[in-house]
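Taken straight from TrEMBL:
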ACT_SITE  A:ASP11  active site
ACT_SITE  A:GLU72  active site
ACT_SITE  A:ASP145  active site
BINDING   A:ASP11, A:ASP145  Mg(2+) 1 binding site
BINDING   A:GLU72  Mg(2+) 2 binding site
Number of protein chains: 2
Amino acid sequence: MTSSVRVLGIDPGLTRCGIGIVDVRADRSATLVHVGVARSDPAAPIEVRLAAIAAGIRAAVDAHAPEVVAVERVFAQHNRQTVMGTAQASGIALLVAGERGLPAATHTPSEVKAAITGYGSADKRQVQAMVARVLRLDALPTPADAADALAIALCHAWRRPLGPVGGGAALTPAQRAWAQAERRARS
Amino acid sequence: MTSSVRVLGIDPGLTRCGIGIVDVRADRSATLVHVGVARSDPAAPIEVRLAAIAAGIRAAVDAHAPEVVAVERVFAQHNRQTVMGTAQASGIALLVAGERGLPAATHTPSEVKAAITGYGSADKRQVQAMVARVLRLDALPTPADAADALAIALCHAWRRPLGPVGGGAALTPAQRAWAQAERRARS
């Protein structure tokens with residue numbers, strides 16, 4: 001691995017699919033590369049909608065060459081009405097990764113919250129505020145799906161080399177320093 | 001529409017994805033074009049598995065040029081352990097249709113059973129036996145996923161121009177004749 005890793009985060013959705021790309025260095029500092037959403041027309045047939053989502057994700061991959069793809073995990077028991085579309089969109093995101101030879105991973109919403117804010121029950125706004133702070137953005141990325149995609153990308157990069165944030169005794173000195181900085185940033 | 005329609009049926013799955021292609025004429029008679037399965041290694045990462053399924057479906061589309069794609073509908077409430085993989089595979093099938101400019105449709109398992117056998121609570125073996133009879137096959141297609149894909153393709157073709165089988169008073173004379181032929185074939 002180079003000294004930084006470029007991560008594509010995907011917040012899967014059929015109407016709006018969040019796409020966020022960040023470069024994350026070994027010291028956990030991060031830079032925004034790209035943020036946006038792939039959209040599809042809710043009135044269009046499902047096959048056309050999924051093709052639009054795939055095209056949007058492929059365009060971001062081709063433009064920015066991420067090294068790894070992280071997708072928010074979808075649960076069958078949540079939001080039954082929309083879960084199938086969300087599951088299909090997550091499948092499309094994973095497919096694009098596989099077809100480009102990129103490794104992919106999924107993270108649960110609470111893993112993302114814990115990695116970004118230090119606790120798994122943080123609310124969406126706290127996550128978004130932390131993302132904006134870490135990436136030194138003047139404003140919260142909008143729509144929320146785009147900010148969520150950045151959070152997923154950061155979560156993946158931070159969990160991989162260093163393990164979850166806030167693990168207490170298991171933390172290295174560098175992790176402890178980071179956790180303290182995060183607590184200061186939140187307070 | 002020409003005098004026959006070529007339908008690709010997909011029984012979505014991650015380990016085995018059934019692929020069946022049939023030509024169906026206006027008189028509801030049908031001919032087998034292709035039957036098989038796209039497989040993926042359960043030990044492989046999800047993104048590699050989805051890419052393998054996509055490649056298998058695309059190969060069948062490229063080789064046999066279906067005019068329409070029919071996919072069995074996945075429900076969130078069934079088989080929670082595997083439903084996400086099945087939903088993702090169904091998304092891949094619909095995506096391939098959308099990317100090739102083919103119209104797609106989904107049908108529930110009970111719609112398929114009703115269309116093929118005349119009743120929605122038929123068991124799998126009855127459906128497969130009817131598929132083999134309609135397509136004049138010497139043996140049931142195996143694995144079951146392949147036979148199911150043929151049933152989905154037939155269901156789609158039969159529902160589209162003529163409506164559901166066995167509707168009683170709403171049937172045209174041709175439909176009534178077909179329903180009678182089906183009852184004879186089952187008896």
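Placed from the backbone N, Cα and C atoms, the Cβ positions cover glycine too.
Structure with TrEMBL features highlighted.
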| residue | record | Cβ within 10 Å |
| --- | --- | --- |
| A:ASP11 | active site | 29 |
| A:GLU72 | active site | 25 |
| A:ASP145 | active site | 24 |
Residue pair A:GLU72 (active site), A:ASP11 (active site) - Cα distance, angstrom, rounded: 6
Pairwise CA distance, A:ASP145 (active site) versus A:ASP11 (active site), rounded so that it is a whole Å: 6
Three-state secondary structure, which DSSP defines for A:GLU72 (active site): strand
